[in-house]
Amino acid sequence: MAAVNILKFGVSSPADTSPLKLLNHAGYHASDILGVVGKSEGNGCVNDFSRTLSTTVWEPLIPESAVTIFSGGTEGVLSPHVTFIVKDTKPTGLIAAVGHTRDFEPHEIGSASQAEAVAASITSLLQASSIPQGQVQMVLIKCPLLTSAKVEAIKAASRTPITTDTYHSMAKSRYASAIGIAIALGELPGSELESVMENETSWSKRASCSSGAELEDCHILILASVPDSKGQLRAVSGYMDDAIDAPAILKCLTQVKQELGEVVQVFAKAEADPRGLIRGKRHTMNTDSDIHSTRHARAAVGGLIAGLVGDPEIYVSGGAEGQGPAGGGPLCMIYRVSSSV
């Protein structure tokens, strides 16, 4: 396992790598980076090339073993930024592990095979890092999607794609990844994988999965806390029941305030309730022909969290299939205390 620090910096564009200089000024080097998690100013959909641009400029600058996880879409008040997860030489209160699954064949994307591979990779990382399941606060994954070319390749191979809708493939991939997380963390039994993949109603409360066309495998980042640590970083996790679940956010903030802490970063998922209702009232996020529902959800949830935390540089990712209850989403708040408490 690796003790980690978390540092966050704003960016001027998806191609901006100047935060690396700021990281150096903070006493860290590129070789210390385990992961770069960012929000880029694209549309967050299949043709969001801001994610690809960010990945392309960052990956040559970081260790080959490190992962990039870029989520497109900074709707509303969300501010483009990058968050570095860096190795530290002393205990910080947080530990992390990163890794990759194997590359997936196009017909495997969104399938039980993807979920199995994710579960196996996370299980291996936990074992190799000696991280107990119960200490895991959040698992962030960047997963692949189906492009039109991949759909045609599947058909040409006389196979059946999980869907022919490239946008829907993002949801399928996120769900498969989330189920893999749930199995690895003991939230779901592996023996139920086939039925869980069919019913698409199961979920993990510690999963954050984002799809993109910029990769063929899954990038995995595990964040875990260390009980009774002398370090100054802490994490508190929960989940929102719906897109306006302010009490869930305030519950996390209450713990931060009780320890006289300061929020460093928030990782959250958001989705438009697929039932078309929020607390019994109709919403139109799923029927808007101009703006995809994931963009609406990011703006709504991003504004709520940013307002309560007082910071727009937060990681809010749209599309929460298998991640928290329908219409809601997992939430992980990283904070720093001034001294060990």
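A Cβ is built for glycine as well, from the same backbone N, Cα and C atoms used for every other residue.
Cross-referencing E262, E271 with the Mg(2+) binding residues that TrEMBL gives (A320, Q323, G324, P325, G328) picks out E271. TrEMBL names R51, S71, G72, S210, S211, R298, S317, G318 as substrate ligands; from the candidate set R159, R174, the record adds R174 to that same site. The least crowded of the binding-site residues S210, G318, judged by other CB atoms within 10 A of its own CB, is S210. For the recorded site, R51 (substrate binding site), the DSSP three-state label reads helix. Here the C-alpha separation of K142 (active site) and R298 (substrate binding site) works out to 17 Å. Counting residues of the region 'RU A' (1-90) by DSSP class, helix then strand then coil, yields 23 helix, 30 strand, 37 coil.
Using A320 (Mg(2+) binding site) as the reference Cα, a 10 A cut-off selects S210, T294 from the recorded positions G72, S210, T294.
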